[in-house]
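Features reported for this protein in Swiss-Prot:
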- 1-27: signal peptide (SIGNAL)
- 28-514: topological domain 'Lumenal' (TOPO_DOM)
- Asn112: N-linked glycosylation site (CARBOHYD)
- Ser179: active site (ACT_SITE)
- Asp381: active site (ACT_SITE)
- Asn432: N-linked glycosylation site (CARBOHYD)
- Asn440: N-linked glycosylation site (CARBOHYD)
- His443: active site (ACT_SITE)
- 472-500: region 'Disordered' (REGION)
- 483-495: compositional bias 'Polar residues' (COMPBIAS)
- Asn492: N-linked glycosylation site (CARBOHYD)
- 515-535: transmembrane segment (TRANSMEM)
- 536-635: topological domain 'Cytoplasmic' (TOPO_DOM)
- 579-635: region 'Disordered' (REGION)
Amino acid sequence: MGFSGSRAWSKWLTICLAITHPFSVTAKSAADYYVHSLPGQPEGPLLKMHAGHIEISPETSGNLFFWHFENRHIADKPRTVVWLNGGPGCSSEDGALMEIGPYRLIDKETLNYTEGSWDEFANLLFVDQPVGTGFSYGSTEHYVHELDEMASQFVTFLEKWFEIFPHYEPDDLYFAGESYAGQYIPYIARAVLDRNKKQDVQANNRIWNLKGLLIGNGWISPQHQYPAYLPYVYQEGVVQAGTQEANLIEAKAAKCMKELNVEDTTGTVHIPDCEDILQAILDYTHKGKRCINMYDIRLTDDYSACGMNWPPDLRDIQPYLRRKDVVKALHINEEKQTGWTECAGAVGSSLKARNSKPAVELLPGLLEEGLPILLFSGQKDLICNHVGTEDMIKNMKWSGGTGFELSPGVWAPRQDWTFEGEPAGIYQQARNLTYVLFYNASHMVPFDYPRRSRDMLDKFLGVDITHIGGDPADSRIDGEKGPTTSVGAHPNSTAAAEREKEKLNTAAWKAYYKSGEVALVIVAIAAFAWGIFIWRSRRKHQSSGYRSIYPMLGLNSTGSLGQISHKHSRRNGDIEAADFDETELDDQPSQAFLSRSSRDGDAYAVGEESSDEEDGASDGQQPMFDQSRGEEGRS
């Protein structure tokens, strides 16, 4: 080979190495995502977590952020619940740190365990999506505009996620979320079912076991939910009918209805004229500098936030997720140059879904394919209120019936639900669809009632703890118990561990107290006997002259008291130890459950923990940025 040929070969080899080098460097394994420590974590073993970015579109630098929590126990089979918040453009870290996740913030620095978190019997996967939401990032020019784009993007994410974490792919899979996720979830479910039908997926045995959907206070059917604003506020007494202000709201509602009756808009997700109804209601409630909270009508907020500052945990979440040590712990890419915000206005502005049909049109097909769906509503939410959801269900047709018809003209009953003796809500179900109304709950039901929402989840997933033990929750539908569920009272749950630890400490103190009482009695008896002995010795001394006061021991007085005192002390120690009944402690459960590795055991293991370790993260915060909740604000 001549010089020119050699140079060409060298150049070709250099190009090949340049092309292949990035792939060899950037390919990641599960160990790269392992969360070794979490700043502010509560005492006790760290829950098994993975977090970080997965690139879904190299050409647009599109990266989605995820935070995964492994289940604490497996009741009968492994399950994974994927949680999505709405907006559009609102981060699912809302769900992780304020709703269904295992931790909640006490302040900007400190996390605490949540009793009733959804990770007890299911793996939880929180995803900031679409691109641009929360910790996710990418080219702003390529933010998604339609719901089918969003679903395609999410399926790509799942494909890549399961390649890194293949041991979770066979799990029963559920999608859950709230608010605008009522649009996301049906579209994603449809995309997953269509994917499962592909020949290459079936040939490679990579079918995803989609088992159900859960949507809370979902924005699903604009055609039914926009008109529900007015009857809801009348029903709840927020607006007084017949007033001048009420007439103004009714005029806005009439204009919306006119738009909804136009054929071109019946299949539209976002209708600006209809958005004016909610704004008119908020203006009506404007008193001084306050207005009603659109997410919980029992509360007020600064005007014109009207709920954007709620829940109160928000003031701590943004500073916490912008701390440098937290950013490092969660493996946030350096390419993510802006700090975390709850809702990205640019994402919401882009995703208007002008050519997307509302998700309500997908629900009948999903139900008819045998996919169970649960819709739940908080009674005190205005923005995605239960009146609109119930009207949507009432008019929806699937599987040969309308709404909750069991047969023509016969409707499934609304069943009373009680939880631990208190009225909790209503259940209604037919033909794969379940509806749950939570009494006295807001837009974010798990924020208000984590234990009740977990009970609902366990019922829907079919979790039954009968064969693994635990204190069952007293949850009844029309007075009857269903499968035995445990909400924070499982013997290996974090909350139960704290209770058992307290029991153990109490038992120990009782045992010590009891042994102390016995020792006191022994000392009193010994003192009395000593007094009698001295008295008798002195009487002898008075009758026969001075002798040692320890005549029977054959000891002189020098140093003898110390020796007898020593013997008495040892004897007392033996009696005290003998009187300490160790069975009182043996009756209490072992502290072994306080260690995650020992409490889970092989029976509950899903995958293996990474052995990699990292140095502790450094403290500090990133600069603060403005926060928006998106235009719709349906987070």
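Every residue gets a Cβ built from N, Cα and C, even glycine.
Keep in mind that this is a model prediction, so the values were computed, not measured.
All features noted in Swiss-Prot, drawn onto the structure.
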residue	record	CB count, 10 Å
Asn112	N-linked glycosylation site	15
Ser179	active site	30
Asp381	active site	27
Asn432	N-linked glycosylation site	17
Asn440	N-linked glycosylation site	15
His443	active site	30
- Checking the recorded positions Asn112, Asn432, Asn440, His443, which are within 10 Å of Ser179 (active site) at the Cα level? His443
- Message: List the recorded positions among Asn112, Asp381, Asn432 whose C-alpha is within 10 Å of the C-alpha of His443 (active site), in sequence order, or say none.
- Response: Asp381
- Query: How far is it from Asn112 (N-linked glycosylation site) to Asn432 (N-linked glycosylation site), counting Cα to Cα, in Å?
  - Reply: 36
- Note on the structure: For Asn440 (N-linked glycosylation site) and Asp381 (active site), the CA-to-CA distance in whole Å is 9
- Item | Spatial separation of Asp381 (active site) from Asn432 (N-linked glycosylation site) - C-alpha basis, Å | 25
